[in-house]
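Novice: Right, I'll just put the structure down here and ask away after.
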Amino acid sequence: MAVQVLNILASPAKAAAFMLVVLLLNTACHCQAQLTSTFYETSCPNALGTIRTSIRNSIAAERRMAASLVRLHFHDCFVQGCDASILLDETPSVESEKTALPNKDSARGFQVIEKAKAEVEKICPGVVSCADVVAVAARDASAYVGGPSWTVMLGRRDSTTASRTLANSELPSFKASLDSLISSFQKKGLSARDMVALSGSHTLGQAQCFTFRDRIYSNGSDIDAGFASTRKRSCPEVGGDSNLAPLDLVTPNAFDNTYFKNLIQRKGLLESDQILFSGGSTDSIVSEYSRIPATFSSDFASAMIKMGNINPLTGTAGEIRKICNAVN
């Protein structure tokens, strides 16, 4: 083999072709680089503990932040992959995703991520990506409020771009049909079962009045009348667009399977919630999760790991941002 290589390198043309092949192979290796749970084991061994402490402190100060951090990871990964693009502010060269319709005045937790990133920068400057901080924060948020934990795969790098256009087109709508939801998740490599499990994160958090007004005033047969009446108290037909209501009225601050029990009782707050149990192909999954909380927890953790693996930047792609809201 060594002799063959020497013979190739003796010819300038062959040498150039050989180096091109090597370059392409190296590039392919970077593209195929896999995330690993031990990525920071030597470069920043205290990274995960530092992030966990910071995230716990933030949720202790505001319980609702747990849901916001899980959602932030989801809204990051569905646009350009899990690359922290959602954290970038608007600049002449960056089109911020924060102002896209699914994120505007609703995506939260940016300062919590910045705070955790700053703590990690103190101990390991320039090592841990914002994209990984977002992924770890989602896991720590779930675990802190009684939800499942999981082994977060690490090694993502941060994007230098963002896309408001993709955020507007690829993040599922609160009025989405079942077929539309299944399709949008399948495009990201997630199954219908993954989609239902991830929707279960709506066991936490709150929604703004404008997102569920049509549902509670439609007098449709797919909503419990008493539930609709209760929700109308804080969401008038006109005005109060930003008034908040818990996505799970029963146990709004606990990660459990009540969300699925609510759907069976026609008490899903958003149209995209109730559509999961409306005579369609996902009814059986909702029923299963409503009966067996351990299965929901396990499937949720698995789906979060899969979601966190959507098109990450690895190897030499992207960068490690110093602060999360701006490129270096």
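Cβ atoms here come from the backbone N, Cα and C positions, even for glycine.
Pasting the relevant annotations from TrEMBL:
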| type | residues | note |
| --- | --- | --- |
| SIGNAL | 1-33 | signal peptide |
| DOMAIN | 34-328 | domain 'Plant heme peroxidase family profile' |
| DISULFID | C44-C124 | disulfide bond |
| SITE | R71 | site 'Transition state stabilizer' |
| ACT_SITE | H75 | active site, proton acceptor |
| BINDING | D76, V79, G81, D83, S85, E97 | Ca(2+) 1 binding site |
| DISULFID | C77-C82 | disulfide bond |
| DISULFID | C130-C324 | disulfide bond |
| BINDING | P172 | substrate binding site |
| BINDING | H202 | heme b binding site |
| BINDING | T203, D248, T251, D256 | Ca(2+) 2 binding site |
| DISULFID | C209-C235 | disulfide bond |
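Each of these features: where is it, how hidden is it, and who are its neighbours?
Specialist: Under 8 Å, Cβ to Cβ, and six or more positions away along its own chain, C44 (disulfide bond) finds V120, I123, C124, V127, V128.
Long-range neighbours of R71 (site 'Transition state stabilizer') (same chain, six or more residues apart, CB within less than 8 Å of its CB): A107, R108, G109, S201, G205.
Counting every protein chain shown, the Cβ of H75 (active site, proton acceptor) has 22 other Cβ atoms within 10 Å.
Remark: D83 (Ca(2+) 1 binding site) has D76, A131, R156, R157, D158, S159, N311, P312, L313, G318 as non-local neighbours, by Cβ distance under 8 Å and separation of at least 6 in sequence.
Cβ contacts within 10 Å of C77 (disulfide bond), excluding its own Cβ and spanning all protein chains shown: 28.
A sphere of 10 angstroms centred on the C-beta of H202 (heme b binding site) encloses 25 other C-beta atoms.
Other Cβ atoms within 10 Å of the Cβ of C235 (disulfide bond) number 25 in total over all chains.
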Novice: What's the CA to CA span in angstrom from C82 (disulfide bond) over to H202 (heme b binding site)?
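Specialist: Rounded to a whole number, the Cα-Cα distance is 21 Å.
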Novice: Using C-alpha positions only, work out which of the recorded positions E97, T203, C209, C235, D248 is nearest to H75 (active site, proton acceptor).
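Specialist: Nearest listed residue in space: E97.
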Novice: Closest of the binding-site residues to C324 (disulfide bond), Cα to Cα, picking from V79, G81, S85, H202, D248?
Specialist: S85
Novice: Pop the Cα-Cα gap between D256 (Ca(2+) 2 binding site) and S85 (Ca(2+) 1 binding site) into the table, whole Å please.
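Specialist: Cα to Cα, S85 (Ca(2+) 1 binding site) and D256 (Ca(2+) 2 binding site) are separated by 30 Å.
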Novice: An 8 Å radius from the center of the D76, V79, G81, D83, S85, E97 Cβ atoms defines the neighbourhood of the Ca(2+) 1 site; name the other residues of that chain inside it, in order.
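Specialist: Apart from the listed residues, the neighbours are H75, C77, F78, Q80, C82, A84, I86, S159, A162, S163, A167.
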